[in-house]
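Before we start, here is the structure in question, set down as structure tokens.
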Amino acid sequence: MALQNIGASNRNDAFYRYKMPKMVTKTEGKGNGIKTNIINNVEIAKALARPPSYTTKYFGCELGAQSKFDEKTGTSLVNGAHNTSKLAGLLENFIKKFVQCYGCGNPETEIIITKTQMVNLKCAACGFISEVDMRDKLTNFILKNPPEQKKVSKDKKAMRKAEKERLKEGELADEEQRKLKAKKKALSNGKDSKTSKNHSSDEDISPKHDENALEVDEDEDDDDGVEWQTDTSREAAEKRMMEQLSAKTAEMVMLSAMEVEEKKAPKSKSNGNVVKTENPPPQEKNLVQDMKEYLKKGSPISALKSFISSLSEPPQDIMDALFNALFDGVGKGFAKEVTKKKNYLAAAATMQEDGSQMHLLNSIGTFCGKNGNEEALKEVALVLKALYDQDIIEEEVVLDWYEKGLTGADKSSPVWKNVKPFVEWLQSAESESEEED
């Protein structure tokens, strides 16, 4: 069967990966009973990820004719004689209105019916939600015959929960194995000690001999001390003087070292604060510059972790520097830039088990709020949605970050107002999943 690109705008793209079969029609009947049969309508609808009844109904609405789709046989009929080119043109209009994303033009979309009975298209490629014109006649048919929803978000949450449970079980199993190994070592050490006591009588005797020897040595040392005190010869006196001098010189060296450390300490601190915090802007600029130079080298993303771990600055400062280096000067189109460079953020967000995602969210808030980037501030919700869809940030961390921000020192920041729709969406999705469970 011949294939063609989905969408008239992609007709001449030889490398376009979204394809559908070319339409094949057949005219049946005569007179008033003449009908047009769209033979491969089921295959076309399958390629578009839409029910075949939608395309059949759309042809009938646009042509002002009765249409019928038989679910059992897969037959699509439209009353009247219509040529293939005319129906193919109507199909292109259907694709443009009900299949392609209004943002990126990608046909990989899903029909979503909102609580307010509005038909939207959710793009799996860019995440854009397109609002379909509800004045179209087909929208009423879609509301009455909604498509089967793919529970992608629920599956993701279930997989995440299962993954967390699996990790916890693995940690518990590791702890149990460690305990078993420790018990085995203790038992083996006990057995070795028993066997050594039973089979080596010489070893039982030798400790007593050593103890006696030590006692003799101590007595000899005591005797030596008495001899030194009673020995008044010139050689003994000189020896004692040398020992005293060596002890005094050692004390003097220790005192001088302590004085040097005390002198150095005030230089590193001032009023309880490290000098590093007294003049942060130049150091932050240097850190951002280092990040930019590293990114210009074109090093693989896998090497980013080792580079970050080699830095001595606090984790939050490192994340701020990386974010500024990646998106310096970006305003409009901030969400698209984040999607392009998501791999860098994913690598940075997995540096630590706890805290890296929070550092990333703080960097986003600083970049959009404190820096006064109004264009980026408008797209902050889209940025969080993109990172959430890519599993770079988790729902619990976002909610925790939002709650702390509303009650923290930066509660007046405009970031929280722009983030609120995304947070409400997360909370509503969570409540719906709990109700269904």
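The backbone N, Cα and C atoms fix where each Cβ goes, glycine too.
Grabbed the feature section from Swiss-Prot, which reads as follows:
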type	residues	note
BINDING	Gly29, Lys30, Gly31, Asn32, Gly33, Ile34, Lys35, Thr36	GTP binding site
COMPBIAS	148-179	compositional bias 'Basic and acidic residues'
REGION	148-231	region 'Disordered'
COMPBIAS	191-212	compositional bias 'Basic and acidic residues'
MOD_RES	Ser201	phosphoserine
COMPBIAS	213-226	compositional bias 'Acidic residues'
MOD_RES	Thr230	phosphothreonine
REGION	262-284	region 'Disordered'
DOMAIN	278-436	domain 'W2'
MOD_RES	Ser428	phosphoserine
MOD_RES	Ser431	phosphoserine
MOD_RES	Ser433	phosphoserine
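Can you tell me where each of these features sits in the structure?
DSSP classifies Asn32 (GTP binding site) as helix under the three-state reduction. Annotation for Asn32 (GTP binding site): no spatial neighbours, criterion Cβ-Cβ under 8 Å with sequence separation of six or more.
Regional average pLDDT for the domain 'W2' (278-436) in the model is 79.
Look at Ser428 (phosphoserine): DSSP puts it in a helix.
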By a simple count of other Cβ atoms within 10 Å, which of Lys30, Lys35, the binding-site residues in the record, is least packed?
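Lowest Cβ count within 10 Å among the binding-site residues (Lys30, Lys35) is Lys30.
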Just name the most isolated of the recorded positions Thr36, Ser428, going by other Cβ atoms within 10 Å of its Cβ.
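Output over recorded positions Thr36, Ser428: least Cβ neighbours within 10 Å is Ser428.
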Around the GTP site formed by Gly29, Lys30, Gly31, Asn32, Gly33, Ile34, Lys35, Thr36, which additional residues qualify by having Cβ within 8 Å of the site's Cβ center?
Thr27, Glu28, Asn79, Gly80, Ala81
Indicate the candidate from Gly29, Gly31, Gly33 with the smallest number of other Cβ atoms within 10 Å of its Cβ, considering only these binding-site residues.
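Selected from the binding-site residues Gly29, Gly31, Gly33 on minimum Cβ neighbours within 10 Å: Gly31.
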